[in-house]
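What follows is one structure encoded as structure tokens, with my remarks underneath.
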Amino acid sequence: MPLSYPHFRKLLLLDDEAGPLEEELPRLADEDLNRRVAADLNLQLPNVSIPWTHKVGNFTGLYSSTVPAFNPNWSTPSFPDIHLHQDLISKCEQFVGPLTKNELRRLKLVMPARFYPKVTKYFPMDKGIKPYYPEHAVNHYFKTRHYLHTLWKAGILYKRESTRSASFCGSPYSWEQELQHGSTSLNDTKRHGTESLCAQSSGILSRPSAGSAIQSKFQQSRLGLQHKQGQLANGKQGRSGRLRSRVHTPTRWPAGVEPSSTRCVNNLASRSASCFHQSAVREKANPSLSTSKRHTSTGNAVELNPVPPSSVGSQGKGSVLPCWWLQFRDTEPCSDYCLSHIINLLEDWGPCYEHGQHYIRTPRTPARVTGGVFLVDKNPHNTTESRLVVDFSQFSRGTTRVSWPKFAVPNLQSLTNLLSSNLSWLSLDVSAAFYHLPLHPAAMPHLLVGSSGLSRYVARLSSTSRIHDHQHGTLQNLHNSCTRNLYVSLLLLFQTLGRKLHLYSHPIILGFRKIPMGVGLSPFLLAQFTSAICSVVRRAFPHCLAFSYMDDLVLGAKSVQHLESLYTAVTNFLLSVGIHLNTSKTKRWGYSLHFMGYVIGSWGSLPQDHIVHKIKECFRKLPVNRPIDWKVCQRIVGLLGFAAPFTQCGYPALMPLYACITAKQAFVFSPTYKAFLCKQYMNLYPVARQRPGLCQVFADATPTGWGLAIGHQRMRGTFVAPLPIHTAELLAACFARSRSGATLIGTDNSVVLSRKYTSFPWLLGCAANWILRGTSFVYVPSALNPADDPSRGRLGLYRPLLRLPFQPTTGRTSLYADSPSVPSHLPDRVHFASPLHVAWRPP
């Protein structure tokens, strides 16, 4: 007869009418009983041939491809001028006095952040924008390019100008200047007799007014300015002021550098119309565009070969090809859907390329990408805005993967001990938190994103027009890309993007100037940064509480008025160091703080309502007697595991599911097991704050017996059969709790102390979790444990009770500014005879 739910509940001692604990509890450790119950509840892993279920409610499992939804009306979020001040440390010291070593160490980690992986794979530019939405390929291309352009304009990305130079917008940092003044740039050029630079003394090369002067030295490639490979680079001039023929000569002149003034004057003649086929109307209409000639360049049909500008020297050559976009202007329309109709809508399509306000030298940066990008909804609640997903997963894969640094995540009990109080709370929203932290320019070549331009992108998508190397720029294949879909998409995009369509149709390579979200280093750096800032705030306002996890900052104060003044002071401080807060998203919580998915009040912690609702939905849709794919089980366990500490039996109740996931097998929910879990999660108990106190109750055990010391009273008992030592110690702790009702128990067993009951026999783990719920444990060495003698059968000997105070831990929540001293690698005394591994012998 199958085990019914009431019987099962009785077996787990969850009912009040259970027999004496000392008799009932050891039975649950019996392996045979555990095996029979598991078989009865169908918890044995099924090796049946019934097809697995791959979807339960919203949880999808193996072989399922969730098709992401593309929104043609996505708006690109705006990024404020985020610039974390470089004198952050001195500003913090003005605010709070000298910083602690811990705070200094953390702040120095991000000023600037560094990222140098062992191996970086470079992918072709075609892989830059992922073809995530094949139905909306062109729309997705332009929206992604617009997002990247927005990030570049906000100073979050560098734009690769040539192999060894990049430009960016926004305020420069000193380390970006240092790259210019190193021994390899100015000092070398002087040593080799080359001309001095007409650059600003700051070392960052701001854009010169006579923009085109540089273009006699540099020719425009599909990715920006590069040196001409003609006579200038052949080295025959020696030291006569020309460039020397060294391997790295082209890097000596980053884009944006002007040669000496005479050269500048001579080269002014090379200025001409910005794009090959743009008419003179544009210069008359907008003279500023023609003066900043370096905004522009000519391209070619598929933009693969470097193409010189239409300068005086190159016009005579006759073989220069215009940019792919503007080339349509001089061709006959091939159909009603020819792109030339769109190109002829505007006389002035603007520049082919834009350049930043500042230039820096970079390490050698190939015209490749190291990760792909695509767009998704900003979050499940906001589908109107897009979010850029950057896939730098190459750094987390294979033998050369980077092992990311570990950092402390506060556990539930520590969080409750710290934040469960009668304070008033509010939480701050840091806008684009990751993009606050600057990255050293030397890391740029490892974090490259970009695109190969619209012509390549379209050619990849259409099967008819393949790009062959010998076909570059030939008019036969120019119109191959004219399709109805492309025409309609571009026409719609023209209404929102206007002449930027031209700019975005060119190829581009961008490297990260601030830390990107797709790299495992970023969460670590953000956590270090925000915890250091909170530490500074806590020391400045010792009567208040500031705490952070990643970009989630919370402030607590005794009263609402006090909290408001604290909020004003902290906001002003954060703004003064360059941290951007989204004040419209500040949330005032009253006395119940919503943080990290929990509601934390003076009564303790509970999961937030939306999580409880998800759990109810999950049980409603959970099928019984049907094999469920282990990947779905993984997702179910992820949800249930979050709320497990609030249930009677905790994590041990989920152990059968964990076992099936580990074995990668299907799992069948029996009606009894489902009813058991359902009941567990329908009644959630708060996790309470631990209180300090003095330990008066001690427990100890040997494999054959147990002993308790409750105040001055001693008790002992024996087990029917010898048990593993950890199981015996756990039973002794349960007896101590049930006999004394004490919430503070002293034990010498590290496994009981850890409160992880998942490695015990399943039924015992479930029951012990409920009995010991809300119990705090204090470690007492065996030699000093008053319960040691009773456990060995000696009741006559009385060891004096220890004064063993218990202080609740706030765990590794990085709360205190003073970091504990780091222990040396070897402890003072090494115990080789570990009690966990040495078989117990009777005294």
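The backbone N, Cα and C atoms fix where each Cβ goes, glycine too.
Database features (Swiss-Prot):
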- 1-177: region 'Terminal protein domain (TP)' (REGION)
- 178-346: region 'Spacer' (REGION)
- 228-259: region 'Disordered' (REGION)
- 239-249: compositional bias 'Basic residues' (COMPBIAS)
- 283-314: region 'Disordered' (REGION)
- 347-690: region 'Polymerase/reverse transcriptase domain (RT)' (REGION)
- 357-600: domain 'Reverse transcriptase' (DOMAIN)
- Asp429, Asp551, Asp552: Mg(2+) binding site (BINDING)
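In this view, Asp429 (Mg(2+) binding site) is surrounded by 16 other Cβ atoms within 10 Å of its Cβ, with every protein chain counted. The secondary structure of Asp429 (Mg(2+) binding site), as reduced to three states from DSSP, is extended strand.
The Mg(2+) site, placed at the center of the C-beta atoms of Asp429, Asp551, Asp552, has further neighbours from the same chain whose C-beta lies within 8 angstroms: Ser427, Leu428, Val430, Ala433, Ser548, Met550, Leu553. A 10 Å cutoff on Cβ-Cβ distances gives Asp552 (Mg(2+) binding site) a total of 16 other Cβ atoms nearby, all chains included. Taking the Cβ of Asp551 (Mg(2+) binding site) as reference, residues of its chain lying under 8 Å away and at least six apart in sequence are, in sequence order, Asp429, Val430, Ala433, Phe434, Leu526, Thr530. DSSP classifies Asp552 (Mg(2+) binding site) as strand under the three-state reduction.
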